[in-house]
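Swiss-Prot has this to say about the protein:
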- 55-64: compositional bias 'Polar residues' (COMPBIAS)
- 286-483: domain 'RdRp catalytic' (DOMAIN)
- 53-82: region 'Disordered' (REGION)
- 187-195: motif 'Nuclear localization signal' (MOTIF)
- 203-216: motif 'Nuclear localization signal' (MOTIF)
């Protein structure tokens, strides 16, 4: 079914077609090679924005540090990071004045969070800088490695304790004179294979102990590893993003918890909510400004863009904000929250993999690791790289660059939003004390500013004042990239507002199509995406029906499961035709077994197995959903699964879809090649760790479980919990006496094994 796209636009108002101009179809650009150049750009730019600051040297690490705070007031429109502490504190005070009790209540909520968060919170997240191996690892592994090293160095770390206890260990680790770590290395040797008599490379993994001095350990603890941000659309150049290590993460988590709690209570904040809730919040602010601009007032909106938000922010300003927000709180709480900004003031940026050189004539390739950049002869580099390296050299220590000013991407999204909102808050008439006033929306570095005034001069004056106020706290509104319009038409975080939010449908385009998980999940995700877009994104019935037909077509081509009565020949058609002929009720066959499609836009909410269950032959039902069938996935079946959907813009979203386990919900096995590398042990550790965590959560389903009193290990806690639960179930008649006895027997066996293991 081929569609002429111009037909889609016959009745569409122009503003709704804005979304088709976005660079969202097709594959996004990915980066190749190293991110070293991008990271050096970031470090050099950040220092350039703060160049008039004061230089100092960190006494512990010897790193040169630039502090632009309370630096010169800007004299031109160039971006700069010279925030004035007193201005920031005043903005905070006014924010509190217009929201009585805001900080107090948020602190109380956060204290609760700090008391209850468990260490396993840090296992969430993807790649994390693992300081023990000096490279990136999955979060769970990096945490396990950190805890293991802490233990072997006499710290009390335990992986089922509270996060706050782990953070105490982090603090203690920084006072130690040295830390002993275990590093992995590979030995390669050529040996002759007995069977084939060929020479093969045999790899063995060695572990060796290494001592880190206090200085080296501190550098690693303060290091952010850098990578190139992938899949960014609409940009010519790539840019670097950072991933911090386990020492920093926990502290950042608590600061962001406090800031999130504040943002939730601020009507101008576009975080932490999303989707329709965010749109409603924004529409409220716009409505307020439009109803207040009676016939006498003009109302204009700036679709704002800030220049290099992260690189002009400063951790010292965040420290000042936290000090103010928590000023009436207990000392321990203030200390915990102030550590993250202090660590960021002393952060080091790891320069990534380094540079790859190749000689065309000699067919040689060689890698220059980042550690060598400090003293390698620069004649090998081209001019632009040479300039970068020369500039960054004074900042290098042990292959990392000292980067005191600036924040790396995505670290303090919530707290920086609070700073932005505090400036928007100053637009009330009681603060501007003149005829113009402003309000707006802030979401991390994105903002929309609504200015009301009796005439155009007033609007201009209002925007100017906003611009200059921002400069005082290190926010640089870009005059080139921001534009102003009559209120009613603007864009904010890729939502387009035109007397109400217009669905930016093309943003969702990348999430249509076949995900490639397995036949069962893909069918479910595909129809759920269409259903969700009908609910949230103005996907009309005709277009949805068309999307559905295109999806089914795509699905059949992907899994080669064309209808049993089709003429199309594929590898599977012989088997599928045979099944088609043997089946009495052909409508009952799943699409992935060559059956017909019974979906239409009215029944997208029903999983396909349920939709066709009554129509299936009995023996087909038995094969499809029989738990004894070795092909039915045996992992525990949750009724809802989560898929990661990639919209074209913004973070990957988690989307729920109905999961019915059948022979089609297979899980592909992991690529075997990893099992022959140094990663193998790490992989096994990670799986063990994940299994233990999952098991523990099964026993203690509430997420804020307190530790069972007086119990030392996870295993004992689970056994004691199992006994209690079994007794309750037995006494209430939910399980029989034999089952109860069997559970107690298993518990005793586990305890016995545990004792032998000790």
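Glycine is treated like the rest: Cβ placed from N, Cα and C.
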Contact set, same chain, for the region 'Disordered' (53-82): CB under 8 Å, 6 or more residues outside the stretch:
46-47, 214-215, 218-219, 222, 307-308, 311-314, 316-317, 345-346, 348, 394-395, 397, 402, 404-406, 471-472, 474, 476, 478-479
On the 0 to 100 scale, where does the mean pLDDT of the motif 'Nuclear localization signal' (187-195) fall?
80
When DSSP states are grouped into helix, strand and coil, how many residues of the region 'Disordered' (53-82) land in each?
0 helix, 8 strand, 22 coil
